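Novice: Before anything else, here's the structure in question.
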Amino acid sequence: MDPSSGGGGGGGGGGSSSSSDSAPDCWDQTDMEAPGPGPCGGGGSGSGSMAAVAEAQRENLSAAFSRQLNVNAKPFVPNVHAAEFVPSFLRGPAQPPLSPAGAAGGDHGAGSGAGGPSEPVESSQDQSCEGSNSTVSMELSEPVVENGETEMSPEESWEHKEEISEAEPGGGSSGDGRPPEESTQEMMEEEEEIPKPKSAVAPPGAPKKEHVNVVFIGHVDAGKSTIGGQIMYLTGMVDKRTLEKYEREAKEKNRETWYLSWALDTNQEERDKGKTVEVGRAYFETEKKHFTILDAPGHKSFVPNMIGGASQADLAVLVISARKGEFETGFEKGGQTREHAMLAKTAGVKHLIVLINKMDDPTVNWSNERYEECKEKLVPFLKKVGFNPKKDIHFMPCSGLTGANLKEQSDFCPWYIGLPFIPYLDNLPNFNRSVDGPIRLPIVDKYKDMGTVVLGKLESGSICKGQQLVMMPNKHNVEVLGILSDDVETDSVAPGENLKIRLKGIEEEEILPGFILCDLNNLCHSGRTFDAQIVIIEHKSIICPGYNAVLHIHTCIEEVEITALICLVDKKSGEKSKTRPRFVKQDQVCIARLRTAGTICLETFKDFPQMGRFTLRDEGKTIAIGKVLKLVPEKD
């Protein structure tokens, strides 16, 4: 019998496979030790001794598996150099020397039990001389547990899945199909390369860096995901090998220039079409700050997703394509450049970096004239939206595909004298966030995972493990069981961080995006009716009382009706009209009463700007932006 296939069956199958292919080494040894009669037995005593043998076999197997079985183990890779090593669970109390089959089985046990083919085995081998058998088994099991708990485990398991599919097209035993040294070498490379991002995500004992959410916005195909992927590579969050793998896959699909964006577009559909749909998330670090990239979709069908991303952002990066024709398409009416910039301002983004991308394109060739032309067209519009060109906006040229001017000064644009993109981000002044303010965490998403887990950005206040909170507007009392900040477990968090919080006392079905986690003693306001100042951005016809639209406020999306128009506001002087208007039209500002279909959480803009500014959308267009002035109590 082939020992490698037998070992594979024993390591993976547990008790489900037949006697012919389940851990043959243990069965042989037990048979050798059993003093019972021949195969055909001798009446009652024969059956008794066979029962005893079966019992001993069962105990042996269950003891072995209960101690060492690891469902997350890496795929079995034979290691020819470790044949002499036998783990403690295969040595019986007083056992004769093992047969070659047993040694092969032992070799397999080492490979699968340790979770890695060579390095963990060698370390435990050194220590087996000093300690007892139990020490060895501890040494074997510990790396597995650590591996399971690291924050990088999603990426690791994904890498291994890839490896299994490549190495074992026709079942488990094909591990012998190529030289074991080669596969072992590959696995060792894997071990060395994966932990790199780990230290970047959670440096132990280091002072906590300020956390900043950056949303990449702009027209479809301006290069947002490519720049995001390039930043991930330049800051060491994606290794060269992974990037080369994306490049190979992109070439196979004739999408050669898209490979960088695949670091953020993880969904297969997004990769095939080259369009971001969801808001992609990724992390990178500079010397002073920890950044989360929110890569917003640029296509107009996905603007609601983009609003969700912008509502969590501290800083927006507007990506513009300098390529002839592309800039004009994105900026003219119908393009997303205008709408995205406006929505970012409405969502509360104070600082805007405008990256003029694709400067390496043959139609541009790092032309200063083209750069200035794009800048001249953008400034008046951004000023109109509400950004201050001197304080809030910073322009810079770059190439997402080559990485020019992202981390280091580029020789291609000697005319640009500012800092490159990543150093500029690192030197931004700190954001003022209220640690002492009331707890406000708007829910972005929720899912089940050993309880109910909610996702969101903590806007103000601080949360710690074991704290009692309230989920508004339903007034559900909940307890915080665990907190993950950017997938790293922590006991307490400050404002501005992206969190996953495990809650007790509420079911996942009882939560909707737009709900707010609050302090017991300081609940947020909730209701259906409020007065607001709104600016009509784009609407062909007039808007009268009774008009319906979709309200986007913080992470909440709800249907809303304008029930009454109270007065018009003069744009320049701010004076309010004495009479009630019968309608409003494009470019006018008015104060109106709005009523939502369901109860929502909101605050006045004056008290809490993040929960007091909103957008009205209709038929796929942004109709108006506004701010909440007054909450109107419900009539019973």
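Backbone N, Cα and C define each Cβ position, glycine as well.
Marked as region 'Disordered' by Swiss-Prot: 1-54, 90-206. Feature annotation from Swiss-Prot assigns GTP binding site to D221, A222, G223, K224, S225, T226, N357, K358, M359, D360, S399, G400, L401. Per Swiss-Prot, region 'G2' is recorded for 274-278, and the stated evidence type is sequence analysis. According to Swiss-Prot, the feature region 'G4' maps to 357-360, an assignment based on sequence analysis.
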Novice: Give me the non-local Cβ neighbours of N357 (GTP binding site): same chain, 6+ apart in sequence, Cβ-Cβ under 8 Å, ordered along the sequence.
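Specialist: N357 (GTP binding site) has long-range Cβ partners A222, G223, I227, V319, I320, S321, A322, C398, S399, G400.
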Novice: So for S399 (GTP binding site), how many other CB atoms are inside 10 Å of its CB?
Specialist: 26
Novice: Using only the Cα atoms of D221, A222, G223, K224, S225, T226, N357, K358, M359, D360, S399, G400, L401, which the record gives as binding GTP, return the largest interatomic distance in Å, rounded to a whole number.
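Specialist: Max span of the GTP binding residues, Cα based, is 17 Å.
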Novice: In terms of DSSP three-state secondary structure, what is the assignment for M359 (GTP binding site)?
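Specialist: Once the DSSP labels are grouped into three classes, M359 (GTP binding site) ends up as coil.
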Novice: What average pLDDT does the predicted model assign to the region 'G2' (274-278)?
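Specialist: The average pLDDT of the model in the region 'G2' (274-278) works out to 47.
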Novice: Inside 10 Å of the Cβ of L401 (GTP binding site), count up the other Cβ atoms and send me the figure.
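Specialist: Within a 10 Å radius of the Cβ of L401 (GTP binding site) lie 19 other Cβ atoms.
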